[in-house]
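If you check TrEMBL, you get these features:
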type     : residues : note
DOMAIN   : 1-222    : domain 'ABC transmembrane type-2'
TRANSMEM : 31-53    : transmembrane segment
TRANSMEM : 74-101   : transmembrane segment
TRANSMEM : 107-131  : transmembrane segment
TRANSMEM : 143-161  : transmembrane segment
TRANSMEM : 201-219  : transmembrane segment
Amino acid sequence: MKALREEGFKAPIQVNYIPVYGKNAKFMDTFLPGVMSLAIFLISTVLSLLSFISERNVGTLDRALATPLREEEIVIGYSLASGVIGIVQAVIMLAIAVFGFEVHIEGSLALAFILISLLAVVGVNLGILLSNLAQSEAQAIQFVPMIVVPTFLLSGIFWPIEAIPKYIRPLSYLLPPTYAVKALRSIMIRGWGLSKVLNDVIALLGFGVLFLSLAILNMKRRY
């Protein structure tokens, strides 16, 4: 086509591209929401997983259990503390996306921030849950591929959920990043508000509560 243009050939039909959503959307506008979701989820999960195990190995957790604090209060406290770190990471991620990669956000920046922060908290709670199943950092590291590989392949980060074979597609909906990627793209590219991504937000809240509840039950059973 380039050679034909250089020889003076002109296409008989002029093609104009009119975006359905957004204005002159770039590749990064579609790609970065998925990458941000993947990064914030994995970082939050792995950091809380290793941090909780480290606290247990150095005896901090045993000292906390020796106080009048109940198991659920300790777990929730760790979740809140690590969640604050996750929220800071969410701010950094959005700042890099907007100012570094010049990603255009059609919808609410505040809603995008809340969604990423919620995903970070879900990752933190999953990390705490997994830490109760591992005895050491070496065992904990073995959980990382079990999280990374399905998230890479099945959560819609690099290709649509519809492109995944039907017989394994249901597994996509067992991964929290699936809902975050879908909602974040809808906010940033389509300009959707909370009402249109509410189901995804509720799903993330459900994952967060589920992981936290299981972590508390595991700690009660263990101690």
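Please read every residue number as a count from 1 along the shown chain.
Backbone N, Cα and C atoms are what each Cβ position is placed from, and that goes for glycine too.
A quick note: this is a predicted structure, and the numbers were derived from the prediction, not measured.
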### Task
For the transmembrane segment (31-53), find every same-chain residue at least 6 residues outside the stretch whose CB is under 8 Å from a CB in it, and list them.
61, 78-79, 82, 85-86, 89-90, 93-94, 97, 101, 103, 116, 119-128, 130-131, 134, 136-137, 140, 143-144, 147-148, 151-152, 155-158, 176-177, 180-181, 184-185, 188-189
### Message
Cβ under 8 Å, sequence separation of at least 6 from the ends of the transmembrane segment (201-219): give me the contacting residues as numbers and ranges.
### Response
71-72, 74-76, 79, 115, 118-119, 121-122, 125-126, 128-129, 132-133, 176, 179-180, 183, 194
## Note on the structure
Within the same chain, the residues 6 or more beyond the ends of the transmembrane segment (74-101) and with Cβ under 8 Å of it are 28, 32, 36, 39-40, 43-44, 47-48, 51-52, 55, 61, 64-65, 109, 112-113, 116-117, 120-121, 123-125, 127-128, 212, 215-216, 219
